[in-house]
Amino acid sequence: MKKPFTGLLMKRGTLSSFRNFIQLFSLQSRGLSFSTLTDTRPFPDYSPKKASVRDTEFVHQITNVIKLRRAEPLRRSLKPYECKFKTDHLIWVLMKIKCDYRLVLDFFDWARSRRDSNLESLCIVIHLAVASKDLKVAQSLISSFWERPKLNVTDSFVQFFDLLVYTYKDWGSDPRVFDVFFQVLVDFGLLREARRVFEKMLNYGLVLSVDSCNVYLTRLSKDCYKTATAIIVFREFPEVGVCWNVASYNIVIHFVCQLGRIKEAHHLLLLMELKGYTPDVISYSTVVNGYCRFGELDKVWKLIEVMKRKGLKPNSYIYGSIIGLLCRICKLAEAEEAFSEMIRQGILPDTVVYTTLIDGFCKRGDIRAASKFFYEMHSRDITPDVLTYTAIISGFCQIGDMVEAGKLFHEMFCKGLEPDSVTFTELINGYCKAGHMKDAFRVHNHMIQAGCSPNVVTYTTLIDGLCKEGDLDSANELLHEMWKIGLQPNIFTYNSIVNGLCKSGNIEEAVKLVGEFEAAGLNADTVTYTTLMDAYCKSGEMDKAQEILKEMLGKGLQPTIVTFNVLMNGFCLHGMLEDGEKLLNWMLAKGIAPNATTFNSLVKQYCIRNNLKAATAIYKDMCSRGVGPDGKTYENLVKGHCKARNMKEAWFLFQEMKGKGFSVSVSTYSVLIKGFLKRKKFLEAREVFDQMRREGLAADKEIFDFFSDTKYKGKRPDTIVDPIDEIIENYLVDEQLRGAN
């Protein structure tokens, strides 16, 4: 049972950091002073240029024409007046028709289409739009000014603002006009000018709305160089009358989380309540997402409890964040439960949530669960995107099902989705791991034709596949191609080539290559040295392997468990079991936790030497240390006991292996069947064979020979006739396939 969160009650350490956080919002201001509200001044009177008698008559004529017109367009009605029309006439006509807002807009559009309007007339129409509550038109008119090319921002701002103030009193007197002007400046990134508007409005006794200030705060928070300014603004604006609201706090909480300062964000959530504000779902969801990013699941659950106590229900954003975290830390059962709870609450999961789950299950190798969610998306009419397809394709590639991966890749194109470099690279990687290099290069060519440039990861994947196939010449060609197109091979690229050289027996060439890329400024890593050690161990040069280890340690590189397992395998492979046990004891003494692979090397060699007592002792030792045996452990022990004809023990271990869900190889089935046949346990041999057949595995020629020999010797033919027929069929099919290839 989780302990309930104490809300505003804080531990001493938390209280201390909370005080520090409040001090963060009480920093000295730096050049952000305000004029006091007592120094306010009135808006100026508007005094337009006086019209001459002739101009007055001309304006009167135009006004009558546009007022009396019916359905006739203005361009036709005012055609006779075009040549005499001047900018001053525009303002004088606007004064006559300002009570008819629709007519104002039509006339202003007509005037602007004939000649450029001056800034004064633009400000007048902006005021009239705001007075008519048409804020969208006002915003559009202000934006059109700032969209002009080659505009001197500093001078233009002064002129625009001064004229907006000058025309304010007689043309609208709606303070929202300055909010709109301010917000447009912020949208255009003119933050310094926006700040000046805020300060200048204080001189006239006006404080911009909290919505405008929130727009400003949001823009500041998105600029990594202005986060300090955002904090100062958040602290200072209330001093001159800005009343922050919940949305304001949410903005600050969000950008504090983005800075990675999740504790401070949580403190700000508490500060909201101290100041009398009630956090909403967005407030909590932002902090929850922050804790999810940093993997602090316990704090997430506590915040959820607080939310529920306050009557707030988690939203889709919160569920998505929690599911994402649970998938990242491999708690997929809990992630699935959170998903089910989301559905029960009536919240429809989106593409992001489904993709997160699909990706999580694929990475664990549970392609069945991933596929279930993928096809469930279709049934809910939720469209998979490129990321969704990439995740599921990667999952099928991971288990080697390249047929299904290829089908899904084709399906993407049919649905109009364009794979990105990650999708192409995942598919290429799958084909490379499956040894289908022709298909890998086919996808590589497709990638280039689709206009998607292969990156270092793509080339490294292909190089790795070629090296594992032993085609080092082609791998080197690709390496040179990388250089040619300006891609810099990284340590993963070179490690693939080093591994290929070692696998082909060219250890000295591999060592030479390491020297060359290190001389070029690229440092070898633990994988590089472990690969060289493995090559020397397999060739029996244990002294050189240990020298490589010393060199690696001398460079400050930390060996991994794989490094020690390579050394252990080398000792065991060459009969140096005492050295292997010494290495194991040294690892334990140094606090280096061995894994199943470490113990397996010893178990295997003791089984090969028929020393089942020692093998069993190693097995018991690993179990007592909390290291669970894997499939290889059981295979080694089953084969060892079969070889020693301890069929009872072999059968027990085989059953335990199956019970734990480990896959059994053909060779293990074969050894067990042969063991039972040698001990004349025909029923047991048949039972193992039936299990093998249910797994879809075909017996080899050796098993066929064993059953044949037993049959012709007249030993229990009723138990073996059916298996012989099946073995012959499978064996002949295999032979035909080999002949065809």
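Cβ atoms are placed via backbone N, Cα and C, with glycine included.
The repeat 'PPR 1' annotation in Swiss-Prot covers 174-208. Distant neighbours of the repeat 'PPR 1' (174-208): 34-35, 37, 39-43, 126-127, 130-131, 135, 138-139, 142-143, 146, 153, 157, 160-161, 164-165, 168, 215-216, 219-220, 223, 226, 240-242; these residues of the same chain sit at least 6 beyond its ends, with a Cβ under 8 Å from one of its Cβ atoms.
Look at the repeat 'PPR 2' (209-244): DSSP puts its residues at 30 helix, 0 strand, 6 coil. Swiss-Prot lists 209-244 with the feature repeat 'PPR 2'.
Sequence annotations record features per position, and here Swiss-Prot assigns repeat 'PPR 3' to 245-279.
What Swiss-Prot records for 280-314 is repeat 'PPR 4'. Mapped onto DSSP helix, strand and coil, the repeat 'PPR 4' (280-314) counts 26 helix, 0 strand, 9 coil.
The repeat 'PPR 5' feature in Swiss-Prot is assigned to 315-349. Over the repeat 'PPR 5' (315-349), the average per-residue pLDDT in this prediction is 94.
Annotated repeat 'PPR 6' per Swiss-Prot: 350-384, in sequence order. Using a Cβ-Cβ cut-off under 8 Å and counting only residues 6 or more beyond its ends in the same chain, the repeat 'PPR 6' (350-384) has close neighbours at 316, 319-320, 323-324, 326-328, 330, 332, 335-336, 339, 342, 391-392, 394-396, 398-399, 401.
Here Swiss-Prot flags 385-419 as repeat 'PPR 7'.
Per DSSP, the secondary structure of the repeat 'PPR 8' (420-454) breaks down as 26 helix, 0 strand, 9 coil. The repeat 'PPR 8' annotation in Swiss-Prot covers 420-454.
Residues or ranges marked as repeat 'PPR 9' in Swiss-Prot: 455-489. Proximity of distant same-chain residues to the repeat 'PPR 9' (455-489), defined by a Cβ-Cβ separation under 8 Å and at least 6 residues beyond the stretch ends, is recorded for 421, 424-425, 428-429, 431-433, 435, 437, 440-441, 444, 447, 496-497, 499-501, 503-504.
Outside the repeat 'PPR 12' (560-594), and at least 6 residues removed from its termini, the chain residues within Cβ reach (under 8 Å) are 526, 529-530, 533-534, 536-538, 540, 542, 545-546, 549, 552, 601-602, 604-606, 622, 625, 627. Sequence annotations record features per position, and here Swiss-Prot assigns repeat 'PPR 12' to 560-594.
Taken from Swiss-Prot, the feature repeat 'PPR 13' covers 595-629.
Within the chain carrying the repeat 'PPR 14' (630-664), a Cβ under 8 angstroms from the stretch's Cβ atoms is held by residues 596-597, 599-600, 603-604, 606-608, 610, 612, 615-616, 619, 622, 671-672, 674-676, 678-679, 681, 684, 688, 691-692, 695, all 6 or more beyond its ends. What Swiss-Prot records for 630-664 is repeat 'PPR 14'.
Among the features that Swiss-Prot reports, transit peptide is placed at 1-21, with the record citing sequence analysis.
Note on the repeat 'PPR 4' (280-314): residues 2-5, 7, 246, 249-250, 253-254, 257, 260, 262, 265-266, 269, 272, 321-322, 324-326, 328-329, 345 of its chain, located 6 or more positions outside it, place their CB under 8 angstroms from a CB of the stretch. Note on the repeat 'PPR 8' (420-454): residues 386, 389-390, 393-394, 396-398, 400, 402, 405-406, 409, 412, 461-462, 464-466, 468-469, 471 of its chain, located 6 or more positions outside it, place their CB under 8 angstroms from a CB of the stretch. Residues 561, 564-565, 568-569, 571-573, 575, 577, 580-581, 584, 587-588, 636-637, 639-641, 643-644, 646 of the same chain sit 6 or more residues outside the repeat 'PPR 13' (595-629) yet have a Cβ under 8 Å from a Cβ within it.
Counting same-chain residues at least six beyond the ends of the repeat 'PPR 5' (315-349), those with a Cβ under 8 angstroms from any Cβ of the stretch are 281, 284-285, 288-289, 292, 295, 297, 300, 304, 356-357, 359-361, 363-364, 366, 369, 380, 382.
For the repeat 'PPR 12' (560-594), the DSSP counts in helix, strand and coil order read 26 helix, 0 strand, 9 coil.
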